[in-house]
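Student: So TrEMBL lists the following for this protein:
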- 291-326: domain 'EF-hand' (DOMAIN)
- 415-434: transmembrane segment (TRANSMEM)
- 548-575: transmembrane segment (TRANSMEM)
- 595-618: transmembrane segment (TRANSMEM)
- 649-771: domain 'FAD-binding FR-type' (DOMAIN)
- 777-794: transmembrane segment (TRANSMEM)
Amino acid sequence: MKSFRRSRTTTVVTVPSPSPSFDFDLGLDLDSSHGSSTPWRLEEIVARAGEEADQHFLEVSLDAMPDEVLALDVNCSPAEEDPESNLLANEMWEKSTPPLPQKKSGNLSGILKKNVSHELPPKVKINPVATNFSGKLKQFSQELTAAPNSRIKQFSQELKAEIKRISGNLGVGLNKDYGMIRNGAHAGRKRVMSRTKSGTQYALQGLQFISKATGNSQADALWKAVESRFHQLAVDGLLSREDFGFCIGMKDSRDFAKELFDALARRRGQTLQSISLEELREFWILISDQKFDSRLQIFFDMCDKNADGRISEGEVKEIIALSASANKLAKLKDQADEYAALIMEELDPDNLGYIEIAQLESLLLGEYGGFMKDPHTNYSQTLSQNLGPPTRRKSLVQRKTKATMYFVYENWQRMWVVALWIIAMAGIFTWKFLQYRQRAAFQVMGYCLCTAKGAAETLKLNMALILLPVCRNTITWLRSSPLGSAVPFDDNINFHKTIAAAIVVGVFLHAGLHLTCDFVRVELFNKEQFVALLGADFGSTKPSYREIVFTTVSLSGIFMVVLMCIAFVLATRWFRRNHVKLPWPFHRLTGFNAFWYSHHLFVLVYVSLLVHSWFLLLTRDWRQKTTWVYLLFPVLLYSGERTLRALRAGHYTVNIVKAAIYPGNVLALHMTKPPGFKYRSGMYLFLQCPEISTFEWHPFSITSSPGDDCVSVHIRTAGDWTLAMRNLFSKIMAPPVGGKSGLLRVEYNLGDDSKFPRLRIDGPYGAPAQDYRKYDVLLLIGLGIGATPFISILKDLLNTIKMGEQQQPQDVVLDFSSIYENPSPRKKRKARCPTNAYFCWVTKEQGSFDWFKGIMNEVAEIDSKAVIELHNYLTSVYEEGDARSALITMVQSLHHARNGVDIVSGTRVRTHFARPNWKKVFSRVANAHKGSRIGVFYCGPMILAKELKELAREYNHNSNTRFEFHKENF
């Protein structure tokens with residue numbers, strides 16, 4: 001095919017390659033003048049070739065008609081062909097019969113100055129008229145074929161400066177998708193010569209108005225939904241401008257959709273307030289077009305409100321404010337003037353007062369001013385690329401065997417504990433069942449009695465065990481002991497809930513069989529036979545059903561069951577998390593307070609249990625009344641813990657050093673550290689404010705590091721107590737001077753702390769995250785306020801980095817695997833420290849980044865070896881590629897490249913937009929740390945925990961990287 005391509009395309013001439021072969025893809029721009037193809041000098045081609053000298057085969061891209069050559073016959077790949085280019089190529093070939101005039105050295109053409117002498121392959125056809133050029137080109141081909149890398153690169157170095165100088169003088173020419181650039185084009189304005197690899201990727205996915213219309217079938221389905229909504233919203237067959245956004249699926253971006261509507265109308269030369277179904281179909285075809293240049297033109301028209309082909313600074317400001325509003329970025333909207341000036345300064349260096357579509361394109365593609373888009377936006381390969389080569393499909397038995405092995409490996413600690421518990425329950429149930437099978441009462445009540453008594457024995461065991469998982473001090477101590485490697489203490493709350501479920505089953509069997517079977521059979525049994533068998537236990541009479549129910553043992557049992565039902569129901573997730581909305585005055589039965597107070601009914605429950613077990617009807621010997629034996633040790637242990645908490649609360653009364661209320665209703669408290677209060681990063685404490693309640697204690701993660709002088713917590717308003725805390729401190733503190741700090745209130749206390757309320761703390765208590773030093777690599781994932789457990793870990797790692805830099809010479813690489821916060825030379829084995837930590841924080845509010853701005857900036861400044869990698873995700877912003885966030889993304893990149901500060905978070909850490917792709921996050925970490933043991937710590941809703949746990953299991957099954965998942969539980 002004879003072809004001269006336009007708009008950043010390449011004409012290819014292939015010559016025989018040396019060994020090893022090289023690939024020279026020059027990417028030269030033919031469209032450097034109005035409608036004409038400007039020749040390129042061979043030296044420039046060599047320069048471009050030298051930049052690609054390390055590739056695998058020699059493919060030289062010639063992109064012009066030299067002075068003495070009429071045309072070259074070239075082959076373009078099918079993916080790059082289009083009918084319009086073919087037609088232009090044929091026309092150019094027909095018009096090229098007379099030789100072209102000699103051009104001056106100011107253009108990208110000239111006479112070849114290198115003597116080369118090798119014949120081109122048959123693929124290249126030279127017009128016979130230009131025989132003198134043919135010989136030179138043959139020699140050039142031979143020289144390229146034989147030249148080693150060093151010579152090609154030498155050509156590049158000699159001519160690179162000349163190419164840059166000349167390319168800067170190119171004009172703006174024809175573009176195949178949106179025609180001749182507007183008449184206002186400035187002849188001296190620079191233009192990007194070609195799309196880079198990253199720019200091309202963005203062009204394929206960027207500026208999506210309808211992001212899901214990626215395929216014909218899916219696009220058709222989307223249009224049917226749009227058509228259906230049109231019929232619902234249309235009045236007299238016309239869809240109003242206000243309803244356009246809801247109709248096309250932009251229900252949360254009505255203002256943005258209105259501007260899109262106006263831009264589409266201006267393309268038709270109209271000002272519309274409503275459209276018909278046929279016009280909507282035309283609009284839909286335009287906004288769902290998968291060609292980037294088409295979408296670019298629509299976006300440019302949205303900015304260019306007066307349709308003069310230019311975008312002024314005021315119009316840039318308006319589109320920035322519109323995009324910020326669509327993405328719920330209030331701070332960015334207030335600073336639209338500053339960012340509009342930044343864009344104009346970058347894209348309009350000549351101070352013409354406007355920018356054009358070429359400059360807007362270069363900004364959106366990340367090719368302007370040397371800045372780069374977020375390097376971590378597409379930062380991973382696919383899952384299959386990191387899980388090793390595909391293997392032959394295994395048999396069903398092999399797959400099941402492998403799955404079982406992995407399940408046992410991941411859950412062996414839970415398995416042996418649960419197995420021991422089940423065996424214990426089964427053993428005592430069977431023992432008691434067989435015991436009553438031999439008694440006289442069996443002849444009266446049968447197997448109902450045996451089953452009820454067996455269930456009662458399991459209830460004794462479980463009522464004792466249920467106290468152990470909530471003995472927090474004991475568990476914190478055992479967690480650090482050798483037993484911590486065999487017992488899953490992180491699952492203490494889950495085990496507590498599991499035992500509660502077993503108690504429910506036991507109560508159902510015990511009480512249910514007594515009330516519906518045993519008591520009924522006693523009343524129906526023959527009186528003489530009953531007296532002969534059980535008369536000694538019932539005073540030589542046969543009681544009625546009513547008389548049995550109103551005995552002490554029955555009433556205490558019923559009272560105990562009622563209290564347990566109340567505590568169980570109010571402890572469920574629906575009531576504890578306020579998911580159930582009850583009318584007044586029952587609304588106080590939901591929330592944490594209801595859970596807290598109802599759970600303290602356990603004192604009455606255990607008293608009733610002792611009474612119930614002492615007044616048994618069929619057991620008279622006190623040595624057979626064994627309930628107290630089960631309960632003795634757990635009750636004493638738990639009572640001791642509560643006593644220790646009460647005594648420690650008076651000792652651990654703290655003063656407020658600093659307090660702040662951040663956007664998002666988060667109260668940050670910095671308190672004095674009590675003497676002897678030692679903790680590890682990842683632990684939590686209980687906090688009490690006597691001015692609010694003398695009984696309520698609430699758990700909060702410690703956000704300060706063990707080496708800090710004070711103890712800090714961050715409290716998000718989520719209930720009555722936290723709301724009362726926020727209101728109490730907001731009345732005391734004054735607003736910041738100037739109001740520019742991002743805080744609602746802030747106060748520093750330098751000695752006079754009388755205005756602040758006194759607080760009490762209890763703890764510290766162990767949590768899964770405290771064992772982070774056991775792992776080679778950390779993956780910390782927090783949602784919203786769920787970031788708090790990991791802030792202390794980041795601070796601790798940062799302190800380790802500081803200490804290592806102080807101890808190590810500047811020219812020595814720091815080994816983080818051998819550093820501990822208190823290293824001891826006497827110890828042969830030093831505690832490890834993770835070599836890398838990845839922190840992923842997902843939040844839906846821009847103001848949330850103010851919570852931990854200080855630690856983020858400190859990490860970015862001090863961590864020169866990139867031990868800690870921070871990733872902030874803002875879910876209120878639309879994902880990359882969406883037209884509503886496209887300009888925000890590029891302004892973010894430009895501002896960060898210039899100032900080193902992210903426009904969204906206000907820190908040095910770049911913010912990602914939309915929800916993270918967790919499969920890609922795991923993929924990147926696994927690919928970077930093959931064969932490592934990676935600890936995944938998560939704090940947030942349970943629904944995401946299931947996804948993360950499944951991803952960890954998937955990678956463990958298919959790679960040599962080990963992910964160990966832990967979820968924070970309070």
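Just so it is clear, glycine is given a Cβ too, placed from its N, Cα and C backbone atoms.
Are these features on the surface or tucked inside, and what touches them?
Tutor: Residues of the same chain lying 6 or more positions beyond the ends of the transmembrane segment (415-434) and with a Cβ under 8 Å from any Cβ of it are 408, 450-451, 453-458, 461-462, 465, 486-488, 495, 498, 502.
Beyond the transmembrane segment (595-618), the same-chain residues lying 6 or more positions past its ends with a Cβ under 8 Å from any Cβ of the stretch are 439, 441, 460, 463, 534, 537-538, 548, 551-553, 556-557, 559-560, 563-564, 566-567, 570-571, 575-576, 625, 627-628, 631, 635, 695-696.
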Student: Counting by DSSP, what is the helix, strand and coil composition of the domain 'FAD-binding FR-type' (649-771)?
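Tutor: The breakdown for the domain 'FAD-binding FR-type' (649-771) reads 23 helix, 44 strand, 56 coil.
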Student: Per-residue pLDDT averaged over the domain 'EF-hand' (291-326) comes to what?
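Tutor: A mean pLDDT of 86 is what the model gives the domain 'EF-hand' (291-326).
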Student: I'd like the per-state residue tally for the domain 'EF-hand' (291-326) from DSSP, helix first, then strand, then coil.
Tutor: 26 helix, 2 strand, 8 coil
